[in-house]
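**Student:** Right, I'll just put the structure down here and ask away after.
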Amino acid sequence: MALKQISSNKCFGGLQKVFEHDSVELNCKMKFAVYLPPKAETGKCPALYWLSGLTGTEQNFISKSGYHQAASEHGLVVIAPDTSPCGCNIKGEDESWDFGTGAGFYVDATEDPWKTNYRMYSYITEELPKLINANFPVDPQRTSIFGHSMGGHGALICALKNPGKYKSVSAFAPICNPLLCRWGKKAFSGYLGTDQSKWKAYDATHLVKSYPGSQLDILIDQGKDDQFLLDGQLLPDNFIAACTEKKIPVVFRLQDGYDHSYYFIATFITDHIRHHAKYLNA
Amino acid sequence: MEEESGEELGLDRSTPKDFHFYHMDLYDSEDRLQLFPEENTRRRKEVVQAERANESTGAGDGKAQRDLQEEVEELVHLYGLEDDHELGDEFVENMPRMGVSEYPPYGMKRRDPAREQRDWRLSGEATEAEDLGFGGWGSAGQCQDLREVYRYTHGRASEEYECYVIPEEEDEEEAADVFCVTCKTPIRAFQKVFDEHKEHEVIPLNEALESAKDEIHKNMYKLEKQIIDMENFANHLEEVFITVEENFGKQEQNFESHYNEILETLAQKYEEKIQALGEKKKEKVEALYEQLVSCGENLDTCKELMETIEEMCHEEKVDFIKVKCPSILISVSFYTNRLGKFLKTKTDVEISTQPDFEDQTLDFSDVEQLMGSINTIPAPSAPVINPQTPNSATGSSVRVCWSLYSDDTVESYQLSYRPVQDSSPGKDQAEFTMTIKETYCSVTDLVPNTQYEFWVTAHNRAGLSPSSERAVYVTAPSPPIIKTKEIRSCEEAVLICWESGNLNPVDSYTVELTQAESPEASGVTESVVGIPTCESLVQLQPGQSYVIYVRALNTGGPSTRSEPATVHTIGSYFRLNKDTCHPWLTISQDGLTILRSERSTPTKEPPPSDTHFTRCVAVMGNLIPVRGHHYWEVEVDEHLDYTVGVAFEDVPKQEDLGANCLSWCMRHTFASSRHKYEFLHNRTTPDIRITVPPKKIGILLDYENSKLSFFNVELSQHLYTFSCQPHKFVHPCFSLEKPGCLKIRNGISMPKHVTFY
């Protein structure tokens, strides 16, 4: 698992780096970005995983969100992987922006032709953490996860499917209930097949209902003027209702006037970094 | 003395080695032994030598020559040593003759050289005498004798010198190495073994020397001390002299003034008496004169009557002859009447005034009194009462001091006082008087923080002095009473309030703080002084416990400490302000629980007010006015409708909290099994949904970062943060929209998760 450094830039006293490696899970070369705060020079730091949304790569987040200052101050190593395998030459993978390349949906595909490469869930929860723990000064016991849109969905399911693995979770405009939205239906049917019972294993709202109750503080920011919210792709109310019922702590903030863009993310990224830092640095 | 020194010089120059034996004590004798001719020896010396020569002859010839010896003695005594020139000359003239006549053999011997010398010497008789002297001494034994004689003649005791001198001689011959303590003499070590020192205690010589030195030093020290003492004593005597002089002056002045007074009194009395006497004399003389005048008048009348009667008698005789009878009869009868009347009038021949003056007793009693008072002390003058020494009073006592004039003799003082009262001048306050020997008095059992007027009179046998000026002293105040229920604190400070505890105003207050954390309780006490009002904001260290006392001060001094109050600088501590409380709310005794009961909900709203809430069923807390962090928690029921937050003190009391720019609040409403959380400021709220209803809300007010944050304490969950810029101090506020209860927890440290916001 040799790492190849693609780039390294100093930022807020730390280093924003991009690496490439050969992924076993995904059977392809994968890139990921990692920010090493100044604190990482002297000791192990908590690791915070960021999952980008549809069409994103490792680059979106590191170039647009402006998270570096907060991460530097709180001493967090922030890892931003790509959103899907790439260059696998699977037929139809580049046909649409909401399926295939750039739309891995953080599931382990069970259907041909995707199942050999599209194993983003295992990549994010298993392979990548091992890689990071082995190669960077991080404390495996202190890990959190957050994401945007599809990445928000990914963050929620990773946290809910692995109680105790993540100290905290947060999301910007997450796809909360993919079973009931068009994006989710398209992706899940493609990757998981038509058996909808299998889908529930990757649906945050459903996962909450069976969540065993290890304390998890969830922060969700949602732009009120997000067209995908209005389009019914995100369905946060379902998730909140489920959390209220199951007494899973969520603070859901509906931010007036914000849309789905990185401008919205950049506005509240500091709150989210602090939210994670509170648990990671407690 | 001049001569002596001259002789000494001569001695030094000419004394042969052998003569050192005689040492200094034989100074005079040595002079006489110096027999070698010296060209320039002065005449006086020669005379002396002649004298000595004479002595020696007497002594050398034996006891038989008593007469001569006595004569010599006499002469020596008579002429003293060698000073008298004239007598010396005479003496010199006589001596040879005597010597010649009495002791021919010597004389013969001496003659020849004397004659020879006369040839070549110019000094004549004196030279002869010298020669004579020279011839007189034949041996050392003779010298010894001479010395003895000299000693006798002069009555000098040179023994004590000798006893030291002789050992020293030995020292030089053979050095001693030890010191015999018993004999007090240095000896040689072998002597210890064989000699009479056998039984004696000996010590090394240098030790003996050291001890002798020590002894000398000690004695020197003693003497020095004595000198100092004597000097001091002399100084003291000098002072006493001056004092005697001064006292004499005073007494003299005193006497003079008294005698003058007496003389004046006497002169005055004399004047008075003389004047009185003169007046009496005048009175008597006038009375006598009057009597004399009236006496004269009577005499005249008598004479006139006599003459008339005589005339009538004469006429009668004539008229009897001439016939004029009837008219005469008439006139006779007229005069007879007049005479009768006159005779009836009693002629007063008693002397109305006595020539004697009444015996005047001279009253000298007052003079006697004056005389008597000369020897007794005068009555003292009024003492001078001192103003009150600051900080000398206690709550119930003052220390009054005064002084007397140094000339006065005072047996005792009378100190009087009474409380000063501005009002009711007609009603005299009770006066108290006490007798004191000293010039100070601690007057006790007074009323705190009260002014008293003091005055003092001095007293001795002669009487009472006038009263001193009146001085006002004030007792220290009573201790203040800390309002423990109104103490507010935070991590950095405490705001402490108290009641004066005194009816009259006091000058200031002092707050004393002691850190109670250390178990030894030997913590340093800090003080904040000069506080003019009944409250003080005191800066403290965070995370400590303090015991606080307050004292009241006036010019008299500080009061005793108030009852202590304990303050913990852990978190912020406040109580609810009942003045702001909506009538429907009940505040618990500890000021930390708000209750809105089910039944007491009248339909009618109370009238508007500026101080307490009238529409919104709310109450405010009294947060300490200190910028920094303040954190408190509120326990709520998850189905309760409540509002918690902060507001300015002047927030409109007729409006809901959060409905204006003067309040920032979190409001919870529970309707149709749904929880609604609003974060209200100026009627607006963000859209926030919270899935787990908090049971305990943490509220962080951060002036430094201009933030107000809310937390679910149990989950460490951040709920919301206001960015607010309070331009002045805000206070916690609470309201209950439905019956229920809010419990405030404060004075607690901030949880760590809060510090991220």
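Any Cβ shown, glycine's included, is placed from N, Cα and C.
Okay, so TrEMBL annotates it like this:
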type	residues	note
ACT_SITE	A:Ser149	active site, charge relay system
ACT_SITE	A:Asp226	active site, charge relay system
ACT_SITE	A:His260	active site, charge relay system
**Student:** Rounded to an integer, what is the Cα-Cα distance in Å between A:Asp226 (active site, charge relay system) and A:His260 (active site, charge relay system)?
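**Tutor:** Pair distance, Cα basis, whole Å: 5 Å.
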**Student:** How big is the Cα-to-Cα gap, in Å, between A:Ser149 (active site, charge relay system) and A:His260 (active site, charge relay system)?
**Tutor:** 8
**Student:** Tell me, how many other CB atoms lie within 10 A of the CB of A:Ser149 (active site, charge relay system), whichever protein chain they belong to?
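**Tutor:** Taking all protein chains shown, A:Ser149 (active site, charge relay system) has 25 Cβ neighbours within 10 Å.
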**Student:** Can you give me the same-chain residues 6 or more apart in sequence from A:His260 (active site, charge relay system) with a CB-CB distance under 8 Å?
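**Tutor:** Listed in sequence order: A:Ser149, A:Ala173, A:Gly223, A:Asp226, A:Gln227, A:Phe228, A:Leu229.
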**Student:** Give me the count of other Cβ atoms within 10 A of the Cβ belonging to A:Asp226 (active site, charge relay system).
**Tutor:** 22
